[in-house]
Every structure is written in C-alpha cells, then in structure tokens.
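Annotated features in TrEMBL:
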| type | residues | note |
| --- | --- | --- |
| SIGNAL | 1-20 | signal peptide |
| DOMAIN | 42-120 | domain 'Cytochrome c' |
| BINDING | 54, 57, 58, 97 | heme c 1 binding site |
| DOMAIN | 129-209 | domain 'Cytochrome c' |
| BINDING | 142, 145, 146, 186 | heme c 2 binding site |
Ligand code: HEC
Ligand code: HEC
C-alpha cells in the first residue's frame, strides 16, 4: 500500500484509538470504533495490512486453510481480541498462537480482530453428515449461550460453520480438561456429555451457515 495512504489511515483512527494500553481501554476503543462507520472502515483496512502474518493458516479472508485451524471470518471481534489476550497471558496455549500473540501491539490486535470479524464465512466440504441428534443436543445444551443460529454475540464465540476437525478436537480438549484450554468456561459445560454426543453436536455445527 502507498505509504501516504497508510499514514492518512493511521491519522484518521488515532483520535478514536487514543493511547490505550490496558485490556479494558482497548476493548472500549474497539467499541467506539465499531460505533463509528468511518473509523471502522479505516480500522478494517489497517487490520488487513497487519494480518498478513495470519493468512497462511487462517486464510486471507479468515476462512481457514486447514481443517484443524479455526475460521476467524465473521467471528465476533471481542471474542477474537480476548483470545489474543488469552494466548498472550497463557490462559490458553497453542505452539504458534502463544508466540504470535505476544508480538502484536494492542491497536494491532484491535484492528486485526475488526478485519476478520468483517469477512463472510464460506461453506466448506466436511467429512461428516449433518447430525439430527446433534441438533437436539445443540438446542437443549448450547443454544442458551451461543444463540439460535450459533453466531454468538459479544460475549460468546460464533461456532457455526467451523471446520469439523477443529470443533471435535476443541470439544475433546474441554471434556478432557486439556491444559491448552482447561481454563475455559466450556470445561464445566461439557462434563456431563459423552464423546459421542460431542461428535454429534460438532457434526451439526459444522453444517450451520
Ligand atoms: C502456523 C499457523 C498459524 C498462523 C500463522 C496463525 N494462526 Fe491463529 N491459530 C492457529 C491454530 C492451529 C489455532 C487453533 C489453536 C487451538 O487449537 O487452540 C489458531 C487459533 C487462533 C485464534 C483462536 C480462534 C478461536 O476460534 O478460538 C485466533 C483469534 C487466532 N488464531 C488469530 C490469529 C492471528 C490474528 C494470526 C496472525 C497474526 C494468526 N492467528 C496466525 C494457527 C495459526
Ligand atoms: C454457559 C454458556 C455456554 C454454554 C451453555 C455453551 N458454551 Fe460454548 N462457549 C462459551 C464461552 C464463554 C466460550 C468461549 C470461552 C473460551 O474458551 O475462551 C465458548 C467456546 C466454545 C467453543 C470454542 C470456540 C472456538 O472457536 O474455539 C466451542 C466449540 C463451543 N463453545 C461449543 C459449545 C457447545 C457444542 C455447547 C453445547 C454442548 C456449548 N458450547 C455450550 C459458553 C457456553
């Protein structure tokens, strides 16, 4: 990108981004940017520039390149931002992500989260059929937090349309209290469920638009 244009973009979002440092301040900045269409446009543009490091795995448009990697497209921005924070502080761990999260500045994390949140999710081929049992389980156990269409909201992640492999692996980590995600509130949610039920619900979610 032309350096002058980049400079103008940075200037245009500086007043909204201020000199935020703490997580609370950054989250407040993100909310302010989301409420201002012009600032949002600039932040999404900046996010696209800063997200180059992510494209090889998560895809340029946030639709992941591998079945074990989550989509970031249409994920809610607060969740994306909070997960960087979790990787950076060690609350959640992953070999690559834990290192990467520490390298991004606060405003970069905000802009990248806004960029991916703005991308649409694409349908992908999945190795499993939609499970009617999974639908029942979703509607009785998961619905209350993740919402009727599994798109989540500012508090809960979108789980619709994630690759089956990622969903299954993640649910098993919650069930087995894997240290990588043992601090997630999901650990308590799945403890009374069986592996088979979790696979059914993953087979349902992966086919949700
Ligand atoms: C080498 C591959 C790789 C690269 C590069 C990479 N990621 Fe990831 N990312 C992963 C994997 C694998 C996971 C899933 C980790 C797990 O299972 O908990 C992940 C998870 C995430 C999550 C959590 C998503 C969720 O649904 O909970 C976020 C957010 C994320 N990455 C953002 C980024 C950003 C932003 C970048 C670029 C700065 C990036 N990643 C670069 C492989 C990568
Ligand atoms: C009490 C609220 C609540 C309920 C009920 C709930 N979830 Fe969650 N879920 C959350 C929260 C909060 C997170 C994000 C927390 C984290 O891991 O950091 C989450 C995360 C997840 C993730 C990880 C998303 C990602 O991108 O890595 C999956 C998968 C998931 N939930 C599936 C389910 C399924 C399937 C059910 C029903 C069996 C369910 N959830 C029920 C609150 C809930």
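A Cβ is built for glycine as well, from the same backbone N, Cα and C atoms used for every other residue.
Those residues of the chain, other than 142, 145, 146, 186, with a C-beta within 8 angstroms of the mean position of the heme c 2 site C-beta atoms are 141, 143, 144, 156, 159, 189.
The binding-site residues near ligand 2, defined by a Cβ under 6 Å from one of its atoms, are 145, 186, chosen from 54, 58, 97, 145, 186. Close to ligand 1, meaning a Cβ under 6 Å from one of its atoms, are these of the binding-site residues 54, 57, 97, 142, 186: 54, 57, 97.
Counting in whole angstrom, residue 97 (heme c 1 binding site) lies 20 from residue 186 (heme c 2 binding site) by their C-alpha atoms. Rounded to a whole number, the distance between the Cα atoms of residue 146 (heme c 2 binding site) and residue 57 (heme c 1 binding site) is 25 Å. Cα to Cα, residue 142 (heme c 2 binding site) and residue 58 (heme c 1 binding site) are separated by 25 Å.
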